Amino acid sequence: MDALVIVGAGGHGRELLEVVEAVNKVEPTYDILGVLDDGEPDLDLLATYGVRHLGPVSLLADLDARYVLGIGSPYARRAIDRAATGWGRVPVTLVHPAAMVGRRVTLGPGSVVCGFASITSNVLTGRHAHVNVAATVGHDCRLGDYTTLAPGARISGAATIGDGATIGSGAVVRQGLTVGAGAVVGAGAVVIRELPAEVVAVGVPAHHRPPVPQLGWY
Ligand SMILES: CC(C)(COP(=O)(O)OP(=O)(O)OC[C@H]1O[C@@H](n2cnc3c(N)ncnc32)[C@H](O)[C@@H]1OP(=O)(O)O)[C@@H](O)C(=O)NCCC(=O)NCCS
């Protein structure tokens, strides 16, 4: 069994605990040491998962354990990944047993695929890409580092989701399009044109305001 810590004890971190439990149920794989979080997690709630709050994220420097990032923000995921890599830590790639991941799909280190998500064929993800519950990714897509597909997002074939981009719940990206790095697609939006980096796009069809420089993905 690999010793594993979940970084982030909020809602997404606890969802990943459920993914680990589901994986372990099929085949005992991970020994969960606990969760790391710089805040003050709800210890009573955590206790219902049978895990402890070990302390702040910086403890990862000294833990002989693999890790997975239970954090929604791509910016936070990138920062922690860089620190963890510097500390010599190696993430795990987690796939819920109820997800459908094709044989010709390559998931980058730290990537997570939640229950009922589907990634079909010839898809490549970068580091710590998160494909949430019931999101779908069509053939030949590229998901960059630290990308987030919220529950039910639909990425049509041969689309490219840039590093750090977030696709909101139930949003649709039409085939072959590129969503720029750090862009955010609002819940329920339908993207029918290329989206530049760092814009926030909403609506059907999706419209965006000018890029928001302070987001600073680069
Ligand atoms: C797009 C989004 C990031 C914008 O958040 P925000 O910057 O806080 O924006 P606000 O709520 O202040 O709304 C700004 C404007 O955009 C509109 N808007 C926001 N989200 C929208 C959406 N999903 N669809 C259509 N319009 C939306 C608001 O009505 C508002 O319009 P107005 O200026 O005419 O009043 C956010 O609403 C969103 O959809 N996030 C994704 C949520 C999600 O999928 N979560 C999954 C978690 S697991």
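Going from the start of the chain as shown, residues are counted 1 onward.
Every residue, even glycine, has its Cβ placed from backbone N, Cα and C.
What you see is a predicted model, and the numbers here were worked out from it, not measured in a lab.
TrEMBL lists 4-80 with the feature domain 'PglD N-terminal'. The annotation substrate binding site is assigned in TrEMBL to Gly72. Taken from TrEMBL, the feature active site, proton acceptor covers His139. The site 'Increases basicity of active site His' annotation in TrEMBL covers Asp140.
Everything TrEMBL records as a feature, shown here on the structure.
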| residue | record | contacts (Cβ under 8 Å, 6+ apart) |
| --- | --- | --- |
| Gly72 | substrate binding site | His12, His130, Thr148, Thr166 |
| His139 | active site, proton acceptor | Thr120, Ser121, Asn122, Val123, Gly157, Ala158 |
| Asp140 | site 'Increases basicity of active site His' | Ser121, Asn122, Val123, Gly157, Ala158 |
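Confidence across the domain 'PglD N-terminal' (4-80), taken as the mean pLDDT and rounded to a whole number, stands at 97.
The helix, strand and coil residue counts that DSSP assigns across the domain 'PglD N-terminal' (4-80) are 34 helix, 18 strand, 25 coil.
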